[in-house]
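Features of the protein shown, as given by Swiss-Prot:
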ACT_SITE  359  active site, proton acceptor
BINDING   7-10, 21, 73, 78-79, 140, 155, 170, 224, 329, 347, 362, 373  UDP-N-acetyl-alpha-D-glucosamine binding site
BINDING   103, 224  Mg(2+) binding site
BINDING   376, 382, 383, 419, 436  acetyl-CoA binding site
REGION    1-226  region 'Pyrophosphorylase'
REGION    227-247  region 'Linker'
REGION    248-451  region 'N-acetyltransferase'
């Protein structure tokens, strides 16, 4: 049995933020969410989140995750003090405790699984995840004997000059035999410059503590300030983009592209420069996305082209062409083989198959049938200042340039709306609707001048 404890009580003053450090976002999810999800494959018996600074905000963020227990650390007196708070929650627990830091978001599940396996196989009192860093500044140093058993862990601020030459560092990830750890926790003393209870001090009280090196030292990267947050984002992006390129996705100028790890891409997708894919986005095979596009929480069908467009919370079916400079939002649904063109905004509307909205239009709260042609400058006037109203347009209908459809209004099938019309009444099938003043020409007229 394994229980997981995540240390998430600190403020993180170097972030210079009112937001708790563990709630800062990294690629669409908070740091602590990423840590929590890294241990999902372990299937722990218990998941304990140690909270302190802005505890309610942390609770609210993690509310969607089931089976979590929150442990409050009212005073932040070090990592050892944090683990002492677990004693009432694990009184009858006889398994192992995996301790994770809420600000170390790049850990892979495989690394944690390997750590636990080594711990169990060797029947260690504790097993520590370590790494050899080229530049170990800021990390505690781990000292081992010839059998990889830990003899000492020294925080950097307490290291001598000679000890600082050791490049094997403590990753802050531990697997403990809980009954043995619980027995020695009361022995911890705050006898250091920080007057804190260091969890690493338990090493001298436990029988066998082994160090295990992580395969990629970047996994243990901690986040203490905005620069480190940006560095972690780069590492995460490189992982994601490497995965998708190996899976058959073409990234043109990968450095200018960002992809959340919640995004799903099919083979033969081409992502052009300056494109950003976020949230629960799914993109079908054969699509060409970008350049200069943002797609968030949206589903894109096969063989869709998106050029300089913003698409959020929407769905685009196969064979569509979107952009340039189109904006789809608020549950817009574009059915197959449509063209949504220059400077078009579509919000909370459905556009039927093989329809065109090519230029300078706004469609809000509208339902369009199949093979509708929306002329340049057509607007649905859906808001009366109090509430929004629907517009319905039937199959094979055409709206002329600069038309205004004042909702609520229903336009039938096979209707033509004359250019420049303001339509505020329903139009039956097979009709021509004209709603504008008749043109009047005044012969011999001249504009007055000063001459």
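Glycine is no exception: its Cβ is also placed from the backbone N, Cα and C atoms.
Bear in mind that the values here come from a model prediction, so they are computed numbers and not experimental data.
For the region 'Linker' (227-247), the predicted model reports an average pLDDT of 97. Secondary structure at residue 224 (Mg(2+) binding site), as computed by DSSP, is coil. Cβ neighbour count within 10 Å across all protein chains ranks 362 highest among the binding-site residues 362, 383.
The distance from the Cα of residue 419 (acetyl-CoA binding site) to the Cα of the residue listed as 'active site, proton acceptor' comes to 14 Å. In this structure, the C-alpha atom of residue 376 (acetyl-CoA binding site) lies 56 angstrom from that of residue 9 (UDP-N-acetyl-alpha-D-glucosamine binding site). Shown are the binding-site residues 9, 419; of these, the residue with the fewest other Cβ atoms within 10 Å is 419. Taking each Cβ in turn and tallying the other Cβ atoms within 10 Å, the top scorer among the recorded positions 329, 359 is 329. Counting only same-chain residues six or more apart in sequence, the Cβ atoms lying under 8 angstroms from the Cβ of residue 224 (Mg(2+) binding site) belong to 12, 14, 15, 21, 103, 138.
Set side by side, the binding-site residues 7, 376 differ in how many other CB atoms lie within 10 angstroms of their CB, and the most is found at 7. Listed in sequence order, 153, 154, 155, 156, 169, 170, 200 are the same-chain residues at least 6 apart in sequence whose CB falls under 8 Å from the CB of residue 140 (UDP-N-acetyl-alpha-D-glucosamine binding site). The secondary structure of residue 21 (UDP-N-acetyl-alpha-D-glucosamine binding site), as reduced to three states from DSSP, is helical. Looking only at Cα atoms, residue 382 (acetyl-CoA binding site) sits nearest to 329 among the recorded positions 9, 329, 359. For residue 9 (UDP-N-acetyl-alpha-D-glucosamine binding site), the nearest of the recorded positions by C-alpha distance turns out to be 383; the candidates were 359, 383, 436. Max Cα-Cα distance over the annotated acetyl-CoA binders (376, 382, 383, 419, 436) is 22 Å.
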